[in-house]
Amino acid sequence: MLIKLLTKVFGSRNDRTLRRMQKVVDVINRMEPDIEKLTDTELRAKTDEFRERLAKGEVLENLIPEAFAVVREASKRVFGMRHFDVQLLGGMVLNERCIAEMRTGEGKTLTATLPAYLNALSGRGVHVVTVNDYLAQRDAENNRPLFEFLGLSIGINLPNMTAPAKRAAYAADITYGTNNEFGFDYLRDNMAFSPEERVQRQLHYALVDEVDSILIDEARTPLIISGPAEDSSEMYIRVNKLIPKLIRQEKEDSDSFQGEGHFSVDEKSRQVHLTERGLILIEQMLVEAGIMDEGESLYSPANIMLMHHVTAALRAHVLFTRDVDYIVKDGEVIIVDEHTGRTMQGRRWSDGLHQAVEAKEGVEIQNENQTLASITFQNYFRLYEKLAGMTGTADTEAFEFSSIYKLDTIVVPTNRPMIRKDLADLVYMTEQEKIGAIIEDIRERTANGQPVLVGTISIEKSEVVSAELTKAGIEHKVLNAKFHAMEAEIVSQAGQPGAVTIATNMAGRGTDIVLGGSWQSEIAALEDPTEEQIAAIKAAWQIRHDAVLASGGLHIIGTERHESRRIDNQLRGRAGRQGDAGSSRFYLSMEDALMRIFASDRVSGMMRKLGMKPGEAIEHPWVTKAIANAQRKVESRNFDIRKQLLEYDDVANDQRRAIYSQRNELLDVSDVSETINSIREDVFKTTIDSYIPTQSLEEMWDIEGLEQRLKNDFDLDMPIAKWLEDEPQLHEETLRERILQQAIETYQRKEEVVGIEMMRNFEKGVMLQTLDSLWKEHLAAMDYLRQGIHLRGYAQKDPKQEYKRESFAMFAAMLESLKYEVISVLSKVQVRMPEEVEALEVQRREEAERLARQQQLSHQTDNSALMSEEEVKVANSLERKVGRNDPCPCGSGKKYKQCHGRLQ
């Protein structure tokens, strides 16, 4: 009550921010007459003037009034479009590291030109980030004339571009591209083998369009660059045949492990678990199929990978549905983006899930992939010095933007008042009743010439509605799963009188639906239109536009509520643009996923009390409130998941930044010999310590083991036993110095043969390749640790703290392994002529290029807990037999027999 009173007196923070910015807008408007008097040349010269002022130390914020006035005037001359005052406000919000919420149709694309121009003046680059390649190209080409008029260069960053083309795009003042491509380029740059291969500059300012989609909806799925791993397709096929014999547990007991069925499903967390009966049955079937030996357990260390196959196959059959989560096309399983309904060609699920789905569908199984590099959007976009974003719906997620990205959300007022009618939800008992009501509503509205946009949450649902409309003889267009440039064209014409368009989630987002259709596209279709033709097209459009307005404007039908209120608001926001008439309504049934999982008991209880009959709908504020509460539950759960993901990824992010920083330093220097010498000293000290403990008695020395290690790992023949025999007084310290000196001299002889420059290049190449190889293995180990760490909670330990502690220990061990591997490779390489080193370097580069060609980019992963960290250690030790005198794999530096080997 007190907060409401204070807000009434002083205004909300949003109001105060807009009042402050309105004063600057007034200044810009006062400048307009003077700016209008400038010639084109004088207006263009303003860009150079601003740059000079910045170079002399003037603060960027001081340029806002004049710079915005210049962009507005340039837009008037180039496009014939003048920025509204609310667009100037939006531009200022975007310059202040904030999220600007601007309603659909308020001109976000034109608004973005203001902060993009202002921040490009420093010459450090601006990245305008969009959700797909089509929008990136469209916005870049549409705005190119304006920016080039003002003397700025434009670049477009698209997939499959060559490195020189990408470098040119990033060198431009303003670069348009997708969030995926910017992120993948960052990862690829940090896998480059020479400075010339890198394409990005330092990350300066990112302006993210549809920011809620990119920073929230896609935040849970990291960007991953992966390479091929071992082939295990046969096992997926064999395990897949067993899964259909398992029966789902009907009732979810508090102890799902003791249930009646073979597996239980948790729909809220999208997890599936074997019950005790299921475990017994699957073990029995595995034995009968000859996959597992009699008397073995699926949970025994030797069967960890088999458990991985069973879990993946079970999830593929139970949790992933054809035409909802994926489609099968030309013998290939293609993921469907849950947020947009579009197919994601070339993207694959990780952890063997994609292979399990391929086995289920009977298509060719492709090899599993191993992660080479990964980053979440949360951590990628936080690398920018300055970040801002815009969307039509951000206010419901303001807390998340603030807590994770430190971005405030400012709601920018509309240019004209919103008059759209948002009708109350109608709830039916069954899906069939709901679909029937939707068809009748469409029939009535189209009969009056009113255009209708039907929003669905999946391809499957859009096809169901489409089939019913076809049966009813209602002409319509369907947008789902396949993104192409025509999508925007279809969406732009969805405002034609009586048009019916079905679209999944956000298909066509970024394109306005103009009442009466788009006259611009009609003119564009003509080769060389005359003035008369253009006038006739505009006149015909005006008649259609007026007819649609008279019928009530665009009507939005939601076939069910989404998990997030924000996505519902996005669908509603397609109607009522720029003060146009419009309406919206959601149709729900008790069989909808959201209602079934989160709101079923309470709402179905209400419906029973009201004595509803088949075909009747309930329309009541209580129901709407219950649904809103269900959505809040889901939003809260999803926020917790994203927050938890970030907390864990922050640990990996610190390590990633350290590795990438070290790697970039390595790329930028030509001579790493000092580093090599320092590493060699550390490695030999650690190695000798394993066999000759410091200040120990000679009886404790393992000279035979040391000689063997030096021979095997460093190709050094050192008669240490003979030295000690010939020189009884040989001191331990002197012995250490002699071993190191001999190693250095042996290496110097190699250097004399091949030449200093060649050896420096080879050293650098070996360091880079070894670093990449160990980092790749470390990422896999971190994944396994992350998947099993939640089990530490059962031991009354904080999983996050345990993860931080163990991942740091793993990182330290990796750095020690890096030193050892580098010195081992450099010591063992046999060279006689410079050509041999050159051949080795060429071979190394060819191998790196081959791996680069085999890389797969993915932004769709699945974070299921498949293996515990303890199980991974055992599995790894079973894969590779460790000799008793070998260094212990734990990275302690001790011999295996003196460390973890003592347990056997």
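Every residue gets a Cβ built from N, Cα and C, even glycine.
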Among Asp422, Asp425, Asp441, Asp512 - the residue Swiss-Prot places in the same ATP site as Gln87, Gly105, Glu106, Gly107, Lys108, Thr109: Asp512
Annotated region 'Disordered' segment (source Swiss-Prot; candidates 351-370, 631-650, 851-870): 851-870
Beyond the site residues Gln87, Gly105, Glu106, Gly107, Lys108, Thr109, Asp512: chain residues whose C-beta lies within 8 Å of the centroid, for ATP: Met102, Thr104, Leu110, Thr111
Farthest-apart CA atoms of Gln87, Gly105, Glu106, Gly107, Lys108, Thr109, Asp512, residues recorded for ATP, distance in Å: 17
Neighbourhood of Thr109 (ATP binding site), C-beta criterion under 8 angstroms, separation at least six: Asp139, Asn142, Asn143, Asp209
The one of Glu106, Asp512 whose CB sees the fewest other CB atoms within 10 Å, among these binding-site residues: Asp512
Those residues of the chain, 6+ apart, with a Cβ under 8 Å from that of Gln87 (ATP binding site): Glu106, Gly107, Leu110, Thr111, Leu114, Asn415
Neighbour count (Cβ, 10 Å) for Gly107 (ATP binding site): 19
Lys108 (ATP binding site), number of other Cβ atoms within 10 Å: 22
Distant-in-sequence Cβ neighbours of Gly105 (ATP binding site), under 8 Å, six or more positions away: Asp512, Arg577, Gln578, Asp580
